[in-house]
Amino acid sequence: ELEKLGLRDDVDLHVYEVPVEYQTVQRLIPALWKKHSPQLVVHVGVSGMATTVTLEKCGHNVGYKGLDNCRFCPGSQCCVEGGPECIDSIIDMDTVCKRVSALGLDVTVTISKDAGRYLCDFTYYTSLYQSCGRSAFVHVPPLGKPYSAEQLGRALQAIIEEMLDVLEHSEDKINCQHEH
């Protein structure tokens, strides 16, 4: 839906479907960062428990015990051995949440600090690590529970545009503490 709507004219939008597979994530996310050198990557995942559109503040490195779609789980139960326990997005999610909520869309937007220690969190951490925090993750509820594809598309469009605006005004605060 977001691909149909697009973003503002000065933004190139690239949409990829990422398989629910740990090893694919470990290969694909760094490859996409290398290929596009984006200003920001926004991951979107469906959560069967979500009833709102949820902005995730951080990704976690350890605690991955669930089997993926290939029946695989990392033996170390972590994303990046020796990586920080948690990496925060450089995007101020509280500000994005307030701004999008003020737009009066018919979608509720909330904040979370735990993306769930499965492939969503694994993907988010991998991307945050690769990008020195220049990533975001948005959890959405399943279609129709309660939002339509159109509602979610408009919400994601607004969220990403606000994230880009926040990012453009915080460029001077970005620094990377690790090698990758």
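Note that Cβ sites are derived from N, Cα and C of the backbone, with glycine treated the same way.
TrEMBL labels come from automatic prediction, so no person has curated them.
The shown structure was predicted, so the numbers you read here are calculated from the model rather than taken from an experiment.
As written in TrEMBL, here are the features:
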type     : residues : note
ACT_SITE : E56      : active site
ACT_SITE : C120     : active site
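In sequence order, S89, M93, S112, K113, D114, A115, C120, D121, Y124, A136, F137, V138, H139 are the residues of the chain that are 6 or more apart from E56 (active site) and have a CB within less than 8 Å of its CB. Around the Cβ of C120 (active site), 22 further Cβ atoms fall within 10 Å across all displayed protein chains.
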